[in-house]
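Step one of this worksheet: look at the structure below.
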Amino acid sequence: MEVQWVLVCHGMVTLTVVVSFLCGHSPVFKGTPIGWIHYFLTFGAWDYLLRFVEFVFGSKGTDAVLSVEGFCCDRPNPFLQIIYLLILGSTYFITVKSSFAYIPGYYIGEVHKYMSFGAVMIGVLLFLLTSFCDPGTVNAKNVSQYVSAYPYDDIIYSEKECPTCKIPKPARSKHCSICNRCVARFDHHCGWMNNCIGEKNTKYFMAFLLWHFLLCLYGAVAIGFILAGRVKELRIVHILTTYYGIENSFRSLAPRVLQWLVGTYNTQILLLVFFALISLLLAGFFAYHLSLCLTNTTTNEKFKWREYTSLQKKISEAKASAAALKAGMSNTELERPAMSKWKGLWRRSEAKAESIVAKRNMYDKGNFRNISEIVFPLSSRQ
């Protein structure tokens, strides 16, 4: 039993590392152990590696490592796409090998063998659509079409030229340094897709997130039904109550049944936990992007509005300080109790700036029209 618990603990540690690496960058995990592990895996460990290489091999070794980093991170490459396919394929293979022997079961029918394969294939199809669909590349031929589709708001977007492409830069577009192209309604560059998420493939990206959330949820529920069926078919509750004298109550039986499941079906338990955690992470990621779609905002614009709000806050702070100095208050007085008064003023100014952002987002036209722009891009209507 001790060996089985060691395997379970090893699996949980491995799962935590994988989840932290894949999803720890999300704002949901900021300040949490998952966020810290993600920081160490993606930055801290790399920094220590560079120091070690420089200590052992000198600057030439560091240059070689940095050239590999440039190839993997600063230019389009299928590295993360291959990892995604490996994760999906290996997880499905382990699920088939470990769990399909119990299908059909007491609570689950044989049809799920074929449904699961079809669900995985749909997930792969959505992955391919998101990866290889044109995100909305802006070039000299179609730039006028995008400029007319997306007007400038003169707040976070103003009329200017892309310094790299040497063409007018439409509102809501951004030049991706990795893909080396301007993308209309740019959201972010997704390494997992090896593609930008923009005007024309946001709908596929959202469908990908939703479908993979449902796929993982389906896997967790299906394995749960398999395990529940095994408990029923093998009459575990009857054996525990009749032969071992365990009280027939949930509080007494649940730990014993769980102990038996972990000891007998540890692979299925690990898969269930893995699917459940990934489904929760995908649900949060999908909910975040859905909120952006409902307000017709992109991830790139979220940062731009944050910078705008920060600028408004600094302006308010400067005005408050100027007003205090004009009123004859010394710097010492500003740092003492009176400071709380000005802090309150700054906080009110920041809240006011945030409300201004919400009011000035001219691209927010109501939930229905915002979603329709995702499904039917504006440039295709021109």
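Placement of Cβ uses the backbone N, Cα and C atoms for every residue, glycine included.
Database features (TrEMBL):
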- 6-24: transmembrane segment (TRANSMEM)
- 36-59: transmembrane segment (TRANSMEM)
- 79-102: transmembrane segment (TRANSMEM)
- 114-132: transmembrane segment (TRANSMEM)
- 158-305: domain 'Palmitoyltransferase DHHC' (DOMAIN)
- 204-228: transmembrane segment (TRANSMEM)
- 269-290: transmembrane segment (TRANSMEM)
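Counting residues 6+ beyond its ends, the transmembrane segment (114-132) has Cβ neighbours under 8 Å at 81, 84-85, 88, 92, 95, 190, 193-195, 197, 201, 204-205, 207-208, 211-212, 214-215, 218-219, 222 in the same chain. Taking DSSP states H, G and I as helix and E and B as strand, the domain 'Palmitoyltransferase DHHC' (158-305) has 90 helix, 14 strand, 44 coil.
Using a Cβ-Cβ cut-off under 8 Å and counting only residues 6 or more beyond its ends in the same chain, the transmembrane segment (36-59) has close neighbours at 16-17, 20-21, 23-25, 29, 65-66, 69.
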